[in-house]
Amino acid sequence: MYITWFKIWSNQICNSVVPLYDIKVDVTFPLLYTASCLTKNLYQTPRLPKTGETIHGDKFLIGFGGKGANQCIQAARLGAKTTMICKVGKDFFGDNYIQNFKDNGVHTGKIKSENAIVIVAGANMLLSNEELQTALPAISHAKVMVCQLEINPQTSLQALQMAQESKVKTIFNPAPAIPDLDAGFYKASDVFCCNETEAELLTGSSVTNVEEACGAAQELLKRGCGAVIITLGPQGCVVLKEQKSTSDHVPTTAVTAVDTTGAGDSFIGALAFYMAHYPTMPLEEMARRANQVAVVSVQAFGTQTSYPFRASLPDELF
């Protein structure tokens, strides 16, 4: 018997939204995420059903996801002071997600409600460029801004550009990847971090091993990034910086993986933590330590539930 998890993502579709961007100016949060929050329904079954077949499931769980939220939670569990700029639905799912942030030590700001019409894309897509201006004080006081593509791409791009204008370091994770990515994203990324599948889509070249990843990193760097990291799962990652002509391969520890869901987000969350708390550390060393954090996450079931806390990690990582 084997276990299959069906994942159905809910984007909190409702008639109003709760923005989490009203942040007190006198409070500084080193890590700032402009990102998505998603609720997932998990069904455990003994096997995949055939077309038209109905089978019994063994277990049902509601979990928390969204790439940006995952990364934020991992950074918070490592001890970073983090906050989110996002929108969730004013409903059961939204309320639970806000509580989930609080339970993990993520600042949610002064929560307020407003009316809006939400389509299938859900509350995530309602975060607008104008509303980002409200968060400018928090953005300008952050150390690192992290963005992805699960909200409106232009909103993510503006957030990255606002951060750079304020001399805040940026990490961009182009996920879910789109082949016609706005060129501005490359120039707005101090660290452009993607996995092999995303790198392949963006470059049009095969990325299945370290050598091919090094070639893809060179192509991405030419587009204006400050540095490129391509994660390769059990093969570790490659790191290429603007001032270097060759990529560095950063291997990882071999383990028996139980569930790799969210491992990439664990890596990016840890990377952001190290960038904020150890700014003089070489990027290759940050990547090595982030690899070790992600390795722990794949040895447990679930996404955010598998992310390790600082207390459970070896002192050498800090």
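Keep in mind that glycine also has a Cβ here, set from the backbone N, Cα and C atoms.
Bear in mind that TrEMBL entries carry predicted annotations, made automatically and left uncurated.
The domain 'Carbohydrate kinase PfkB' annotation in TrEMBL covers 48-308. According to TrEMBL, the feature substrate binding site maps to G66, K67, G68, A69, N70, E150, D265. What TrEMBL lists as ATP binding site is N195, T231, L232, G233, P234, Q235, G236, T252, G264, D265, N291. What TrEMBL lists as K(+) binding site is D259, T261, S297, A300, G302, S306. What TrEMBL records for D265 is active site, proton acceptor.
Where TrEMBL records a feature, it is marked here on the structure.
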residue	record	Cβ neighbours (10 Å)
K67	substrate binding site	26
G68	substrate binding site	30
N195	ATP binding site	23
L232	ATP binding site	21
P234	ATP binding site	14
G236	ATP binding site	21
D259	K(+) binding site	17
N291	ATP binding site	21
A300	K(+) binding site	14
G302	K(+) binding site	19
Inset, instruction - Find, among the binding-site residues listed as T261, S297, the one whose Cβ has the highest number of other Cβ atoms within 10 Å in the structure shown. - result: S297
Legend entry - Separation of alpha carbons, D259 (K(+) binding site) and P234 (ATP binding site) (Å): 13
Legend entry - For the binding-site residues G66, G264, the one whose C-beta sees the most other C-beta atoms within 10 angstroms: G66
Legend entry - Nearest recorded site to G236 (ATP binding site) by CA-CA distance, among binding-site residues G68, N70, S297, G302: S297
Legend entry - Residues that sit under 8 angstroms from S306 (K(+) binding site) by C-beta distance, when 6+ apart in the chain: D259, T261, G262, S266, V296, S297, V298, Q299, A300
Legend entry - Farthest-apart CA atoms of N195, T231, L232, G233, P234, Q235, G236, T252, G264, D265, N291, residues recorded for ATP, distance in Å: 16
Legend entry - Among G66, K67, A69, G302, which are recorded as binding-site residues, the nearest neighbour of N195 (ATP binding site) by Cα: K67
